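K.L.:
My questions all concern the structure below.
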Amino acid sequence: MTTVRTRIAPSPTGDPHVGTAYIALFNLCFARQHGGQFILRIEDTDQLRSTRESEQQIYDALRWLGIEWDEGPDVGGPHGPYRQSERGHIYKKYSDELVEKGHAFTCFCTPERLDAVRAEQMARKETPRYDGHCMHLPKDEVQRRLAAGESHVTRMKVPTEGVCVVPDMLRGDVEIPWDRMDMQVLMKADGLPTYFLANVVDDHLMGITHVLRGEEWLPSAPKLIKLYEYFGWEQPQLCYMPLLRNPDKSKLSKRKNPTSITFYERMGYLPQALLNYLGRMGWSMPDEREKFTLAEMIEHFDLSRVSLGGPIFDLEKLSWLNGQWIREQSVEEFAREVQKWALNPEYLMKIAPHVQGRVENFSQIAPLAGFFFSGGVPLDASLFEHKKLDPTQVRQVLQLVLWKLESLRQWEKERITGCIQAVAEHLQLKLRDVMPLMFPAITGHASSVSVLDAMEILGADLSRYRLRQALELLGGASKKETKEWEKIRDAIPG
């Protein structure tokens, strides 16, 4: 009997996402329930955004939750390497095979030509797609241009009519028309693969038998299915999990809810409570109990109990469940968990340099640095009264800063400063005009340790969470203001 093998393949491009933990949990439970294996693979082909620091954060966050894997970059295994950036020669081999078989072709189209084609198609109200310009180039021309070092990509061929039947373990057969599919790029100009080629090659070579992934990938499933067909490989069974959603039913995003696992760790949530809550996202125990352990979830796991309705990730419900876990701990367990959270040596070392020069005894630390250890901070509207800005302008500045910070890919002091500086300059203000608003929003006080250093230490999600709280206290933005301010945001450089 074939051993069940599942995997999670996150990209190390930022803080580890609760959506990654959610999909990892269900893959882990499915594998363990069937006596199988769970693999961690790192999809780091986006060399501009991928970092080893983010990769380490993924390991730390999943292990904090109690999710362990049998094979991966850090633990090894018989199917390595487990980082896609280290498998380039493998993808090149299979990409060349597709070209040789006539299932893919070399494309020399420039970005400028592709943009022009898309613009023409959109003007005709057509779905933008590649027009096949390079699909039938003579072989000698292709070889000549390759020998000349001309920039190129490899694209797969796809049918233009009919439907692809996608067998989904949750929905049954799903029919998707081929005319919705573009001629997908498989190998980029930098020699690295796109998600589609790397995904299929890796899943096959690593013996993955079942793929549980988010339903946002369902519309592009025909491309993956066609690649398996082109290679002549057996396709894993597919399961498209419902997406986590905000309370307003929109897709879970950092603009409306904190999404990083690190945020919930910093806020003092218990890992077993967060894992329990993620387990309840679209799934339920046979007896409908709300509180259960990972071992209990594995024991009773059955995909037939997954609901296709978009599960709502509600911070209030998570907090309620976390409270249930806390109250059922012994006093000794509770004290140990508090100590582990409050006296985290790594976190304290980040804070200490900013506090040491401002205190004369240790009892002064709590009032000065308490905001580093809380979720929200006590907010006083009077602290946002500004000598130069009226209340509407105050809200506008905070909203614009929040939006700019939401688009920040790397959370570093210099980049945070750059975002705030860009907003100030665009509004013809000085940085010193904006900073008095940042102090109360982030620290709850009119003055404190460097607020920019504090934001770097607190992290992206917690900093943005506090800015949202400050905006809500001051009345937020009306629909009309939001539209007007979005135009201003889009005009701000950077």
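Glycine residues also receive a Cβ, built from the backbone N, Cα and C atoms like all the rest.
Got these off Swiss-Prot a minute ago, pasting:
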- Cys107, Cys109, Cys134, His136: Zn(2+) binding site (BINDING)
- Lys254: ATP binding site (BINDING)
- 10-20: motif ''HIGH' region' (MOTIF)
- 251-255: motif ''KMSKS' region' (MOTIF)
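Show me how these features fit into the shown structure, please.
P.N.:
Within 10 Å of the C-beta of Cys109 (Zn(2+) binding site) we count 17 further C-beta atoms, all protein chains included. Classification of Cys109 (Zn(2+) binding site) by DSSP places it in coil, neither helical nor stranded.
Taken residue by residue with DSSP, Lys254 (ATP binding site) is part of neither helix nor strand, so it is coil.
Long-range contacts of the motif ''HIGH' region' (10-20) within its own chain (CB-CB distance under 8 A, at least 6 residues past either end) are made by residues 42-44, 46, 49-55, 57-58, 60-62, 214, 243-244, 252, 259-264, 274, 278, 313, 409, 411, 459-461.
Each residue in the motif ''KMSKS' region' (251-255) has a pLDDT score, and their mean in this model is 78.
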K.L.:
Would you mind pulling the DSSP three-state label for His136 (Zn(2+) binding site)?
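P.N.:
Once the DSSP labels are grouped into three classes, His136 (Zn(2+) binding site) ends up as coil.
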K.L.:
Between Cys109 (Zn(2+) binding site) and Lys254 (ATP binding site), how far is it from one CA atom to the other, in Å?
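P.N.:
Rounded to a whole number, the Cα-Cα distance is 35 Å.
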K.L.:
Counting other CB atoms within 10 A of each CB, which of the binding-site residues His136, Lys254 comes out lowest?
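P.N.:
Minimum Cβ neighbour count within 10 Å, taken over the binding-site residues His136, Lys254, occurs at His136.
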K.L.:
Compare the Cα of Lys254 (ATP binding site) against each of the binding-site residues Cys107, Cys134, His136 and report the nearest.
P.N.:
Cys107
K.L.:
I need the neighbours of the Zn(2+) site defined by Cys107, Cys109, Cys134, His136. Which other residues of that chain put their C-beta within 8 angstroms of the C-beta centroid, in sequence order?
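P.N.:
The surrounding set, listed in chain order, is Phe105, Thr106, Phe108, Tyr130, Gly132, His133, Met135, Leu137, Arg155.
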K.L.:
If you run through the motif ''HIGH' region' (10-20) with DSSP, how many residues end up as helix, strand and coil?
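P.N.:
Counting residues per DSSP class in the motif ''HIGH' region' (10-20), I get 3 helix, 1 strand, 7 coil.
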K.L.:
Any same-chain residues 6+ apart from Cys134 (Zn(2+) binding site) with CB under 8 Å of its CB? Would you list them in sequence order, or say none?
P.N.:
Phe105, Thr106, Cys107, Phe108, Cys109, Arg155
